[in-house]
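Take a look at the structure below.
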Amino acid sequence: MPFEKTMDKIVALAKNRGFVYPGSDIYGGLANTWDYGPIGVELKNNVKKAWWQKFVHESQYNVGIDCAILMNNEVWVASGHVGNFSDPLMDCKECKSRFRADKLVEEHMTSKGVEKASADGWNNEKLKEYIDDNNIVCPDCGKTNFTDIRQFNLMFKTFQGVTEDSKAEIYLRPETAQGIFVNFKNVQRTSRKKIPFGIAQIGKAFRNEITPGNFTFRTREFEQMELEFFCEPGTDLEWHNYWKEYCWKFLLKLGIKEENIRFRVHEKEELSHYSNATSDIEYLFPFGWGELWGIADRTDYDLTQHQNRSGKDMTYLNPVTNERYIPYCIEPSVGADRAVLAFLVDAYDEEELEGGDVRTVMHFHPAIAPFKVAILPLSKKLSEKALDVYNMLRKDFNVDYDDAGSIGKRYRREDEIGTPYCITIDFDTMDNDTVTIRDRDTMKQFRVKIDELKDFIKEKIQF
């Protein structure tokens, strides 16, 4: 019998099993902040490691960087964030609730059956006209008494130094990309990379979102995994397609079901003024389709802006033709937190067993599973041998050890945190140095020699 996969179930499991906790919990929390627990931080780190492996270590084109969160304010003036990084904000005059006007429009479109609803690129007048013409009501109180739409800048301000005046004002970065752009020449010079090449970064970003929500899907503090890939003008659309396919395959290799993802190509009127093409990979969350990964052709906009503002040369000299040009840039950008949420949702399963019992199981790909294996001694008398195996394996893998409760209950605990293989140390182990391995997904069991365990696990975690 099919089960309903809901966000309530995902959130409950995440809290109960140590994936994600509410932020500042003992003080009543802080809205839309979340802390990754012992299991969640392993999952998130594994997702980041997998991304870095495929986008940096296994790519002939790309190198990495780690830029400061705080940057010279001129960076954000040049990039357009100070003047233009805003969302359309409106308030309900009746209940004082605050909303993003574009999201109200998109939710209404979706409710009317529009397949790929989007109000990207709509100005305030067009948004207001749609809201008025369709008599869209406040989601909280049901009234239609809204304020005018105004633009709300999303950057967090703070102060640097001992004085709190306008000269000391500084921003928390709203994206990691600009640190890459301002370091383009440094990286190209020191790495001796030739176009085409990319610069990858994983790091925190901050946006004062008007309506965050849906668990970790939209938060004000989040982590990005971004690649800025620089190419010769005229080859950008070809590279845009290359990275679209690369990102798609990455998700499939790590176990995301193909029926749960789709491409949404931005229409011409949706595109940013500097974009030549943008495509999103959307994931089907329990609350509907949501953007997971954006792949944008940013042309030469960012490097040109920084060249004009800073006065520094951002051109590239082709060593073969001696032609000098500002490279175009393809940006595949994915939120680490959204990616983790997608993997959580995709992995979640409820299986009805013989006898009517239901087991909850997380079908993570072994490469991103928080624990690769769990060591389960059948009896306390076998603890010494079990610890020997545990200590042997944990030098190479993250391994759980559990000797409390019945073996059945221990299996269920490991199923709920997505451990792919449980290794049982039984009395036969003492005689022949073999162990029983239980497969999470099939629940089938088989015996393996202890000295073959490392190779077995290494093979299973490849992707």
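Sequential numbering from 1, following the chain as shown.
Any Cβ shown, glycine's included, is placed from N, Cα and C.
Counting every protein chain shown, the Cβ of GLU226 (substrate binding site) has 24 other Cβ atoms within 10 Å. Swiss-Prot lists ARG100, GLU175, PHE222, GLU223, GLN224, MET225, GLU226, GLU331, PRO332, SER333, VAL334, GLY335 with the feature substrate binding site.
Positions annotated as ATP binding site by Swiss-Prot, on the basis of sequence analysis: 207-209, 217-222, 291-292, 335-338. When secondary structure is read from DSSP and collapsed to three states, ARG338 (ATP binding site) falls in the helix class.
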Expressed in Å to no decimal places, the gap between the Cα atoms of ALA336 (ATP binding site) and GLN224 (substrate binding site) is 5
Pop the Cα-Cα gap between ARG100 (substrate binding site) and ARG218 (ATP binding site) into the table, whole Å please.
13
Across all chains shown, how many C-beta atoms besides its own are within 10 angstroms of the C-beta of PRO332 (substrate binding site)?
25
Listed binding-site residues among ARG100, GLN224, GLU226 whose Cα sits within 10 Å of GLU209 (ATP binding site)
ARG100
With LEU292 (ATP binding site) as reference and a Cα-Cα limit of 10 Å, the qualifying binding-site residues from ARG100, PHE222, GLN224, GLU226, VAL334 are VAL334
What is the interatomic distance between the Cα atoms of ARG207 (ATP binding site) and PHE222 (substrate binding site), given in whole Å?
8
Identify which of the binding-site residues ARG100, ARG207, ARG218, ARG220, ARG338 has its Cβ surrounded by the largest number of other Cβ atoms within 10 Å, counting every protein chain shown.
ARG338
